[in-house]
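What TrEMBL says about this one:
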type     : residues                                       : note
ACT_SITE : H242                                           : active site, proton donor
BINDING  : H242, N243, F244, R245, H246, D283, D392, Q443 : AMP binding site
BINDING  : H246, H282, D283, D392                         : Zn(2+) 1 binding site
BINDING  : D283                                           : Zn(2+) 2 binding site
DOMAIN   : 166-487                                        : domain 'PDEase'
Amino acid sequence: MGSASSASRVIFLDVDGRTQKVVFSRFCSPCDIKELFCTATGLSRNTTISLLDSTGAMVSIDPTMPNNSESSPYKVVPITGGQLADKEEVFQNVLTQVAEQFSRAFKINELKSEVTNRLAMLEKRVELEGMKVVEIEKCRSDIKKLREEMASRNSSFLEDNKKLTPHRDVSSYPKYMLSQQTIDALRKPTFDVWLWESNEMLSCLEYMYHDLGLVKDFNINPITLKRWLLCIHDNYRSNPFHNFRHCFCVTQMMYSMIYLCNLQEKFTQVDILILMTAAVCHDLDHPGYNNTYQINARTELAVRYNDISPLENHHCAVAFQIFSQPDCNIFANVDPEAFKQIHQGTITLILATDMARHGEILDSFKQKVDSFDFTNEEHVTSLKMVLIKCCDISNEVRPMEVAEPWVDCLLEEYFMQSDREKAEGLPVAPFMDREKVTKPTAQIGFIKFVLIPMFETLMKLFPQIEEVMVQPLRESRDRYEELKQIDDAMNEVQKKKSENLTVGGKKK
């Protein structure tokens, strides 16, 4: 099994000739890190600073900054007013150079127009607001991210076929023999998804398809299955949350529900194949920005799909672009009628993961659950939609030590989006705003009003999920409510201290 990566960074600073060690989370914002550096060097927290390495070169202050050692600490230098003007002039030069590079690099008119508009927006911010050095550094970072994203978008959306075949072949895909202990754990919602590396997760997914009899029943070429899974891996981006590990997490939960609810006794094998395949493909090529952003920013995807579930439609399109490659088509030996059913069923389930449709889908299932008929195709489709929805947002079902890191990942992705929305003048959802949301506030409402009602409705059909799925959700809700009470109490104490200090100052 693999090991989870460290969530901390260590940087060494030169403070008046002595070396100061600074430790911070890789999820910290650049502002938080700068304030930490100011505190470590005895400066006021709102001091504008630059960070220099041993050669005098400036180092970007953010969670991805280069590591250094105790023997080569970075030096923190306060920035004076005169230097701000120099920085702004340098920044203007950087903007001009980047704009020229973009003009040469992108030949597609739509992308070229988008880049130009965003650069113009950044320049306008400099002109109108007289940005401080901190904001200038942030804009540099925004431009860098924009260039990387546009390059990624240019190479990964549907027009480009390079990622539709795996970057490596089966020969370089190591085979892991799963122990009986791992196999047993894999069938349970308590499975720890953080302990596995990519190759191990691929082997687990491969095992699931064999174990459920899908390889045998649909005459899937085992080599094609391996190659398809490699291609799936390559078409998930390295987002904080919507990445390949999330894909594995959702598929493993679906696999555990198939066993827990004895679905193979109630569903056809075609239905089981649809459930598993939709789980594997449900977030393919997710860009890390949700449908609300796509629509408000009028992105290419929003325009292409007329603002109707743009991301989910894109996930479906990428999935079947991959299946269209002969080397990755696990359905090659399926008869046309069965493929038509698999194709439509998979699309239906992936589109059901759009949370904008949550109320509609759950209400429809509630109308059927008390008189559910497993021979009724409409009833079965409604159940399958609820099953993939449950798996997609099931992290809080898992043990606290497995579930909580996912909250950090999701908030990091939310904050990336809200920062970008602020920079582009777009509406920002309060639950994504780093200045307004906390872990407890983010989770309490979602668990109480989305997760528990949906899982309790499913529990009417499958009472066996109460102990292993519904009860953990209730415990998670209670834990976050206790944390919120603690946060509220601490905030109230801090507020009273501030009021007392103000009153004391007036008396003097």
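The backbone N, Cα and C atoms fix where each Cβ goes, and this holds for glycine too.
Structural mapping of features recorded in TrEMBL.
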| residue | record | contacts (Cβ under 8 Å, 6+ apart) |
| --- | --- | --- |
| H242 | active site, proton donor | Y236, D283, H286, G288, E413 |
| N243 | AMP binding site | Y236, R237 |
| F244 | AMP binding site | S198, M201, I232, H233, Y236 |
| R245 | AMP binding site | V193, W194, M201 |
| H246 | AMP binding site | Y236, D283 |
| H282 | Zn(2+) 1 binding site | C247, V250, H315, L349, I350, T353, I388, D392 |
| Q443 | AMP binding site | E396, V407, S476, Y480 |
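In this structure, D392 is the one among the binding-site residues D283, D392 with the smallest number of other Cβ atoms inside 10 Å of its Cβ. Binding-site extent for AMP: residues H242, N243, F244, R245, H246, D283, D392, Q443, maximum pairwise Cα distance 23 Å (rounded to the nearest whole number). Mean pLDDT across the domain 'PDEase' (166-487) comes to 96 in this model.
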